[in-house]
Amino acid sequence: MTLPRRILKETKKLISDPPPGISAVPHKSNPRYFDIMIAGPTSSSYEGGTFKLELFLTDEYPMDPPKVRFLTKIYHPNVDKLGRICLDILKKNWSPALQISTVLLSIQALMSAPNPDDPLDNQVADMWINDENQALEIARKWTRMYAMEN
């Protein structure tokens, strides 16, 4: 499989100089498919957890955004039960100038600052809006249950 030069360049940079708290490893059998690990941001309900995601670059990349989803369960208003992520740059605000590392840093930032006003999981968003302390505690509990080694 011959990859566009841009994907090769981005992959090389992700491996040699990954963003802090993030690793992205392409599959040997399909270099458009990446195993992603994001460390829960410091001072967030996800701190101490390691979250697995998958990222796939379609044939249309970079004109279309990558497909990204959480594989680790996460209690977050902008992530649904299937791990899909509501993030503007993965949809209407995508630009071919953005890179894989930008997407991953944006997901990490979203973990630090959930946006219940633009939810993907309405139930979680309602909890975040009506009882933020309880929502943060549930997020910490899920982090301990699903994102930490026992």
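Along the chain as shown, residues are numbered 1 onward.
The backbone N, Cα and C atoms fix where each Cβ goes, and this holds for glycine too.
A quick note: this is a predicted structure, and the numbers were derived from the prediction, not measured.
Annotated in TrEMBL:
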{"type": "ACT_SITE", "residues": "Cys86", "note": "active site, glycyl thioester intermediate"}
{"type": "DOMAIN", "residues": "2-148", "note": "domain 'UBC core'"}
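Within the same chain, residues at least six positions away from the residue listed as 'active site, glycyl thioester intermediate' with a Cβ under 8 Å of its Cβ are Asn78, Val79, Asp80, Asn115, Asp118, Pro119, Leu120. Residue counts for the domain 'UBC core' (2-148) under DSSP (helix as H, G, I; strand as E, B; rest coil) come to 52 helix, 26 strand, 69 coil. Confidence over the domain 'UBC core' (2-148), given as mean pLDDT on the 0 to 100 scale, stands at 96.
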